[in-house]
Amino acid sequence: MAGGEVYFEKLRPPEVAECLTRGSTFIKWDDDSTTGQKCVVKVDQAGHLIYWKAEDKETDFLELTFIRDIRTGRSARMPKDPKLRDSVRTGGTDEELLNKTVTIVHGTNMVDVIFINLVSGSANIATQWTEALNKLIHNILAINVCPSTYLQKHYTKLCVTVSPDGKVLVKNIIKYITSSSKEDRKRVQEALQSVGLPHGKNDLISLDEFTFEIFLKFYNRLCNRQDIDKIFSEIAKKKPYLTTEQVVDFINNNQRDPRLNEILFPYCDPEKAQEIINKYEPNKDFVKKGHFSVRGLTRYLMSYDNTIINPDRLSIHQDMTQNLAHYFINSSHNTYLTGHQLTGKSSVEIYRQVLLIGCRCIELDCWDGRTEEQEPVITHGMTFCTEIAFKDVIEAIAECAFKTTDYPVILSFENHCTPKQQSKMAAYCVNIFGDMLLDKPLEEYPLEDGKPLPSLKSLLRKIIIKNKKRTSKREEGNENDTSAQTTITDNTTENGENKPEMNGEVVENNDNSKDRDQVEEEAAPDTALSELVNYIQPVHFKSFENSAKKNRSFEMSSFVETVATGQLKEKPVEFVNYNKRQLSRIYPKGTRVGSENFMPQIFWNAGCQLVALNFQTLDLPMMLNLGIFEYNGRCGYLLKPSFMRRPDRTFDPFAESTVDGIIAGAVTVKVISGQMLTDKKVGTYVEVDMYGLPADTVRKKYRTKVVPNNGINPVYDEEPFEFKKVVLPSLAVLRIAVYEESGKLIGQRVLPVDGLHPGYRHIKLRNECNQPLCLPTIFVNIVTKDYVPSGFEDFAAALCDPIAYQSQEEKRQQQLAALLDEEEEVDGDEVFEERPPEETTKGTSTPKNQNQQPEEKSKFKSMSFKRSEPRDSLSATEAILGQRRGSSISQFVHRESLRDTFGAGMKPQLQHQVSSPYPVSGRAQSLQTPPPSETTALCKRTFSAKRREGKTTSLIITSEPVYHWSRSSTLVPKRRPKTEEDMSWNHIYVKVEAMTIEQLKEQKNYVKLLQKNKKEHDILVKKHEKEKDKLQKGHFLEQDKMFKDLEKEKSSLKRRIEKELRKAEKKGSYEETYKRGMDEINSLSKAHDSKVDGLKRVHRDHMIELLQRQLAEQLEFSKKQIDPQYEELDRVLQQSHEDQLKLLDDVHARQMNDLKKDQDKMNREELKFLSRHVKEKDELQRRKREQNKKHIEQSVKERHKMKDFHEKEKEELIVEQQKISEQMKSDKDKTVKELQALYDKKYQSIPSCNLESIHANLFAEDKITSL
């Protein structure tokens, strides 16, 4: 996802400060602590781990890549428990305690974060540690290191968790690799034994013995890299090493992208290969000789020099001076929520987390506070979600907005506050943000029609507020006039119902939005808050035409995903053009109450900038979002491709053909093996998907076999997964995911297609939150190249390497020469050898026997052939035929008779004149122009010159294009075997074939009927979705009511028991009363649980019954559609049969007429030849009579043959048509059976599904549901 411009910012590897490696003494506490623990905390030399050890306890550690933030001062945490606070306090006030505290925030997602707090002896130490650690954890290179560096990290874990006497524990080595399998533990012990290390479970290994080199040996023995051994043996040719030349060939042929410029990215040479050997070969003797062992190759393949992505992609490498609308912006929806949209908790901390991870647009739903202080709050209005203070959120934003990047932050306010509380909001923004707040427009970017948004660079470290802007009465009048004159189609649903408008948003009409319409409508903006709004002013969307006419880049609109999808389908090009000028925000539909996300790629394809997702849900869309925005310095902004920015370019997101000016790509991925994927003994498999334009997206198609019971070193070695055509590589990403056989995700990685390094590569896996996993790796072979249309591969290869192609051509010519008869071995001027099509079009071959048989050559010359053209070209062939037969080859290829027969749209696809060489001009043209082997009709020419005593020379010309009925109702060449019987008229032969069922199904009327049926089915599915959502909402409300009633009953019982306990304490029967009370509470809890379970079972039964009924309705509906479909298909079939028979009769008549003309023309040529060469009158008359007689006999014979052949061909066509009719009947029966089988499968699987997040959809891919 990048434009073309490159603005490279060099990344620097992390430097570990001395204070961290030296270590410091801290008092450690966390939320579960009851007292603080004194411990020494250190960071290893390479900056992999932070580790600590308390007295009489084992060393504990934390990977720095899992740390999200380091805080001190006001941002640090204070113990809530007074006893804990006293135990960690070293004197001073609470403020001084905060200044001495270092809070480490870590976790594998953005919701369940964990806090580790370290209290130092002074504020200076806390500040030093905070600054130094923040530099390490936010270093992008640190989380994108090579596999060998992660092995160093794992080695470091073993070295810091040593025994009290400083030795490595074998049990730790086993524990970090496998946790449950006895067989895997045995494998680890055997690998330790194979490298000469102690291997007993309770054994210890000294650090002198356990060096990193030994650890690498152990790792390679454990993983048993036979996959690399196989690659090595293929290159080494049975030698135990690779030579320098073989290393050069391996890198240039396998590891280098062939599309790279040779000057900017030079090929590997022996000097570079020797540098690689010097760096990675462990055998010093091999290094001196320039040899590379398999151990050296393994190290190279796992090194920083062989990463899957160019490290430059990780830094800010794009043009950051474009205006704001020219970037994809990392955006969040309902940022405050940590879970469910209706019952989830709101959190201040999650604002910090999304900002730290690179999100640049966050949402704040602001409501009036109901406390005495009248402080505005943030919550999801009219739901059961909790509230958080607006001021606390603003302070958190100010703290973390620019902690990891300086690029601007957008605050998307959904404002429901009264003017009084809006004034407070404005005051908080001004006072807390200070200079960071962009409170007025920049001078160079005025708020005027036709002016672009500010550049990203001009907005560095600025916070921009998106809120409804107060407008003057005059402007409101103008807006009303405009809207009155504009036909608005976007504020109604498909059913024609009105949609509510909220904060300039176009929302869908569902039950949620309907209920909230009146209460959630935003209040008029307060003047103070309105004055803070400038470049992002939300307005209600009317139409793309209206927006283009107004041309206000500072206005933006928000679209619910369903409306945005409708606009995208209806007006894709206009949507892209809209996004070139101004911002659009896409947010999830209201029915996604579980906080599920939609697929953001759909709207990135249209250039939408603010595609807002629920960051609390780490589903597939969120994983793609995190993976894509990891690049370009993780700054939250990605430059859109140039055709999505330039006003002079037009782009259709649904394009299937190549985009003008963009070279389509092709990617092949072969999954070879995995290493240390999981510590469980389970089966694993790998899925490879691609996301991009609809034409480029490939999901759930490519999946390896399951390798059972092996999480250490599974070998997949599958056939390569081919993505043959990637229309837009700059918008496409590759996702490689590894799963347990149960379907649980082990790890995944999202990679930009246009940044892939080809060749043999190790891919480090990430978790759902895109954090790197230490050991799990997969080994793949990736091939990247430019897309070449099917059938043109050889031609493209010839252009890339013409020398090799020419050598192959000469070799073929020599092989064919050995097959020629003596009779054919005459001068090349008269005899043309049989050659491959590509050779024929070149016309550069030299006659084979040019210097042989001088007597026969001179004799043949006496026949008065004129040879004014070059002897070795196709023009020479054409000249000879022109002299001998009064015509040229092109007359046989491009026959006017055929043009007349087929008419417009029915011409044979024979485009190129044979006499001209094939044109090649540049890479683009060479890949788009058809190769000669597919375009010329002269695929075989045989000229036989027989030397006769007193007889004329007979030349037979054959050309073999045979035509068949294509999908576009044209005749295209189809090769037909040549026989002696039809050789004389084979050059004019045209074959008509019956249309197949697949071709019939592509006819326009049938396709339109299918589209209509699909639309009707989609309407039914949508109706079912609403029914299901309505029932589910009722279930939620009923359950909530029961929970509240049960809670009241339980609270009442507790109050009664407490009262009885107070009385019993006075009477001395406390224990008996307490026991009786606890029994009552337990009994009540069990009764409550039983009621809840019973209600849930009833609800589940109702839901299953509904889904099954809906599936049955969809089945019945689909069955009713089958008859009309096949009736239409039958009508198309009968019409095509009539058309084909009529066409066949016309073709036959034309062929017979052409045959007569050719025979008469040949006879005239022969008579002319006799007149020129026979001087005696009587002899001439006799020869002419013989020729005429011969001509009549031969003509009658050939015409009878053609007539018989035509009759036979017509019979064959009728038989073929009957077969297709019968096949169509069986196809209908098969369709009904498949439909019933699909229904039965999905009907039976409903009870086993998660009913809350599914809808009934009979045709959802491989599932019973549609999410």
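Positions of Cβ are set from backbone N, Cα and C atoms, glycine also.
In TrEMBL, annotation is done automatically, which means it is predicted and not curated.
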Site-mate of GLU363, ASP365, GLU414 for Ca(2+) in TrEMBL, selected among ASN330, ASN334: ASN334
The annotated region 'Disordered' range in TrEMBL, which must be one of 67-95, 908-936: 908-936
Cα separation, GLU363 (Ca(2+) binding site) to HIS333 (active site) (Å, whole number): 6
Remaining residues near the recorded Ca(2+) site, that is with C-beta within 8 Å of the centroid of the site residues ASN334, GLU363, ASP365, GLU414: HIS333, THR335, TYR336, LEU364, ILE378, HIS380, SER412
Cα-Cα distance linking HIS380 (active site) and ASP365 (Ca(2+) binding site), given in Å to the nearest integer: 7
Tally of DSSP helical, extended and coil residues in the domain 'C2' (645-773): 6 helix, 60 strand, 63 coil
Position of peak Cβ density within 10 Å, selected from the active-site residues HIS333, HIS380: HIS333
Neighbouring C-beta atoms (10 Å sphere around the C-beta of GLU363 (Ca(2+) binding site)): 23
Conformational class of HIS333 (active site) under the three-state DSSP mapping: coil
Protein Cβ atoms within 10 Å of ASN334 (Ca(2+) binding site), excluding its own: 25
Integer Cα-Cα distance in angstrom, GLU414 (Ca(2+) binding site) to HIS380 (active site): 10
C-alpha spacing of HIS380 (active site) relative to GLU363 (Ca(2+) binding site), in angstrom: 11
Counts of helix, strand and coil residues, the region 'Disordered' (1178-1207), according to DSSP: 30 helix, 0 strand, 0 coil
